[in-house]
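Asker: Annotation source TrEMBL lists region 'Disordered' at 1-44. Here TrEMBL flags 1-10 as compositional bias 'Basic residues'. Taken from TrEMBL, the feature compositional bias 'Low complexity' covers 13-28. Among the features that TrEMBL reports, transmembrane segment is placed at 51-74. Feature annotation from TrEMBL assigns domain 'Glycosyl hydrolase family 63 N-terminal' to 108-256. Under the heading domain 'Glycosyl hydrolase family 63 C-terminal', TrEMBL lists 340-666, 669-764.
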Amino acid sequence: MVNEARHRKHDASGSAAPPAAGAAAAAKRGSRSGGARKGGRGRGKIATDSGVWFTLFIACVAVLSLGIATWIGLQFYHGTSPFPSVVTPHPAAQVKNLSQFEERRDAMLWGSYRPHTYLGFRARVPQSVVAGLSWAGLRGPLRHICDHGDGLRYTWTKHDGQTFGMQQIEDGQVVLKTSFVKNVFAGDLGDYGGDWATRITVSWKDGTPASTRTNHIPIFFYFYNEGPERFEFEEDGRVLTGTNANLGNFRARFFTNVTEDDTYTYTGLPVDGIEKLTQNLTTVLLSPEFKWNRVFDNAQAYLVQVRAQPPFELTVVYESLSPGDGAYDLTHRHGTLHGSGYDTLLAEREVAFDAKFDRLFALKQKGFSEEQISFAKAALSNMLGSVGYWYGASIVRDVEEDKRRAEEAAAKQRQSGKPARPLQPALYKYFDAPLYSGVPSRSFFPRGFMWDEGFHQLLINRWDPGITRDVLAHWLDLMNVYGWIPREQILGREARSKVPDEFVVQPSDNANPPTWFLVMEDILDRIDEAHDDTDASVARDLEFIRGAYPRFAAWFKWFDTQRGALPGTYRWRGRQRKPGMMNPLTLTSGLDDYPRASHPDENERHLDLRCWMAEAAAVLARIAQRIGEPAHDFEALAQQLRDNAQLNSLHWSNRTKAYHDYGRHRIEAHNTEHDPPYWRGAIWINLNFLTTRALRFYGQTAGPHRERAQELYTKLRGNLINNIFQQYQRTGFIWEQYDDRTGSGKGTHPFTGWSALVVLLMGELY
């Protein structure tokens, strides 16, 4: 059972829901309870004043009793308070409320922020209008959600993270090319992110037999409202109009080049929830009995179908209305987003993307071929095109409360001598909040992961620092009063539908490597290299580090909960030795089955966490110095954790001549009887990136191993780039990991999270 934890509706800023929303909720509650009961077994009409007062007295007593009973029940279930601290937002000012993010609000409002779909759009607001593409190929089920089982090749070839994107999807012999562009208007022309348009072009793959080319391919484009409002089709389904509380009025127009022999139809369907959209569409749209060109009662999904022989195309234009218009008068728009207007704007954005990419990464000057450069552009574009937006709340387990309950139950058992009843975990609904974040994989991990995001932003920060600051701001604002942030973000029904139940709950003592400090180090370097605090980009960086500092400091302090038994030691929490598990996992470390102690206990010392804390302390010291905050404590800890004498005494093994974790070890070949190694053996690009970066540093630093480090750097960098590129040529994907013997891609694909760091390796940007 999940407890709501709070009885008022709050967002992450703690602001209460508007009165209108409360009234609506009350009305709903009234209707669900059936209102006043009729024909009850009363004693007849009450006519006297005393009877009226007596009735009111009884009603008050009943309400008071119910309130007391509810309060007692909550006290019992939650331990000490119905509003536990574990779900209380941190009191520091929210970072995403900085002025720089308000300035970019309209520019960033709309985007391809639904990375789990082959093509999907939404706005960065709760209860948005969402849109997306679905189609039926020559084989297999309806295509909509990215899925390994579909067997498709799909990749963003160019995407700038803001204003446009170009993607190619290969579904057997069918090729879909999708693109989108945005037009953002400032000032009096609109407050809802301007207009956007997307074009889907369907064609046959080269070499497709003539007999196959006679087939008709159906594509569907839908709009779905997460809010309560209903939309309307006009002009025989060529126009959709509507309104949304968070986005204002809008209209969507549909343009096709199909002939009379082809089909253009529309419909509006009731849906059980956006997470069931694919299932509902499959059931209805592929049924031969379904009748088009009608809108059903209580419709939430509004879609058009184009069913034609390729080649053909569909262009969808979304136009937001200025609040002052009061009507669908769009004559003030700067051109249109279909036909030649679309072509011109898309071409301009593509040229700008290419020029910026060449300026930032200079791959041609480094000797890379045009094919390799196109590969690098696709790697960057897939990372940018995988950035998404979610709104909702995590489900968390209060580990400290579980410990208190267990201690209380044990004490009662000792007193009574009776066996204790099994305890239920203290599960709570976290506070509602938005998240703007990258994802590791569109098909398999389409949600936010804490330590992955630090690696993602090492690349994105080179391309668009504003996106990086925005992403980190959203993550930091998920912090609770203790400084803890759930390491895996599963927000909203659609995201939760993709996650196995065992991974949904986030324990409150679980950490994740604080990789964001690597990004903060890059930001500090950029400030220092500029030598001009008045520069506009530097000013935004400075505003960000000032605004983010209180939360970074609180996050760092929370990591005190991960300290080990001895000074200078750290230990990842959350390790358990389960039946049948020969190598207990350490999911919190990010390295999952890295071979640590086979018998977890409180005396373990985890070397990687000590290293992360050394980096974090040093970066926080730099931030504090830069903004005039006390830095001594951070400096002292950083110096202690970089003390090689202490490091050697805690982690050096004279027998193996290497550094190790400390604990009771028994290394097993498999994690369980049937579960092979995951992190052990395979080539992971994030760790190899850090290794390559370190070799580059030592290869450029005077010392006895300089030449050897430079030699290893050159070999490792070259091998990584060549192998990732070759596997991309062979399979069409960048992979989660690579086989250490054959180099073949393994694990999830496409995986354009940290594996896209190959772009930085190519550009030698560390």
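Along the chain as shown, residues are numbered 1 onward.
Cβ from N, Cα, C; glycine included.
TrEMBL does not curate its annotations; it predicts them automatically.
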Asker: With DSSP helix as H/G/I and strand as E/B, how many residues of the domain 'Glycosyl hydrolase family 63 C-terminal' (669-764) fall in helix, strand and coil?
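Answerer: Tallying H, G and I as helix, E and B as strand, the rest coil: 51 helix, 6 strand, 39 coil.
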Asker: Please spell out the DSSP helix, strand and coil residue counts for the domain 'Glycosyl hydrolase family 63 N-terminal' (108-256).
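Answerer: Once the DSSP states are binned, the domain 'Glycosyl hydrolase family 63 N-terminal' (108-256) shows 11 helix, 80 strand, 58 coil.
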Asker: Would you report the average pLDDT that the model assigns to the domain 'Glycosyl hydrolase family 63 C-terminal' (669-764)?
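Answerer: Across the domain 'Glycosyl hydrolase family 63 C-terminal' (669-764), the average pLDDT comes out at 94.
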